[in-house]
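K.L.:
Copied straight from Swiss-Prot:
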MOD_RES   T2  N-acetylthreonine
REGION    15-53  region 'Disordered'
MOD_RES   S20  phosphoserine
MOD_RES   S25  phosphoserine
DOMAIN    37-299  domain 'Phosducin'
REGION    158-301  region 'Thioredoxin fold'
MOD_RES   S226  phosphoserine
MOD_RES   S293  phosphoserine
MOD_RES   S296  phosphoserine
Amino acid sequence: MTTLDDKLLGEKLQYYYSSSEEEDSDHEDKDRGRGALAGSSMPADADLAGEGISVNTGPKGVINDWRRFKQLETEQREEQCREMERLIKKLSLSCRSHLDEEEEQRKQKDLQEKISGKMTLKDLAVMNEDQDDEEFLQQYRKQRMEEMRQQLYQGPQFKQVFEIPSGEGFLDMIDKEQRSTLIMVHIYEDGIPGTEAMNGCMLCLAAEYPAVKFCRVRSSVIGASSRFTRNALPALLIYKGGELIGNFVRVTDQLGEDFFAVDLEAFLQEFGLLPEKEVLLRTSVRNSATCHSEDSDLEID
């Protein structure tokens, strides 16, 4: 329970004004206001705008803006370099393709000129030493072989042995045949050693050399003497252009009485009296047993 003194003192305290209290209040208000300003202020390095833009104009902001600018500049330069490299590569490829095409056309033109016969033997010898021209040499040889084959087979094809029935037929066969045709005439008589072997060889070679005309005639038909028949048969006469270019009498002296087609072929090739063949000898030439079989008959006209 309060006394009268307390009440009196209390009322005085309520209405009592102290200068120290006012100063304390002012200090508190200032501190409170300073704290509010500090809380509302933004950091020095804060960015409030988009990428590459800073509202901070302080030293750190300027440095960051410069770094970002240099980074963008470097990226742009690298992209330009890559684009330039792609363009250069594309242009180089297109130029190379065009140049390669022109070079190939030039090579083909040179090749055709050389193959057409504009190359001398000296040029051919030089190219044989140059491995880089191997492709040309292969094509050249191939075309030359084809040309020789056409020259060999462009005339008539015979492929059999012709029997000459008379002396007049013998002369006509020599004089009226094409001048480029090679004619081989076997003069024979039955019972002469080596006659049967020669007949079989002629049959085989006629199939192997269709451009060569193989014939046979009895010595009695052309009026040969008995001495010639006994001592010179079997004989082989070779004509070309109406002239006698080969004359082999008593062939058995060189080949023996039992010889084969391959033996006669090698003998004639040794003297250059058979054209070169494009292909190897077929089995029918090498297999003399087939050519000399008793069941096979000569194709005689």
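Along the chain as shown, the residues are counted starting at 1.
Glycine residues also receive a Cβ, built from the backbone N, Cα and C atoms like all the rest.
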K.L.:
Have a look around S226 (phosphoserine) and count the other CB atoms within 10 A of its CB, chains all included.
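P.N.:
Result for S226 (phosphoserine): 10 neighbouring Cβ atoms inside 10 Å.
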K.L.:
Need the DSSP three-state call for S226 (phosphoserine) to compare against my parser.
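P.N.:
Reduced to three states, the DSSP call for S226 (phosphoserine) is helix.
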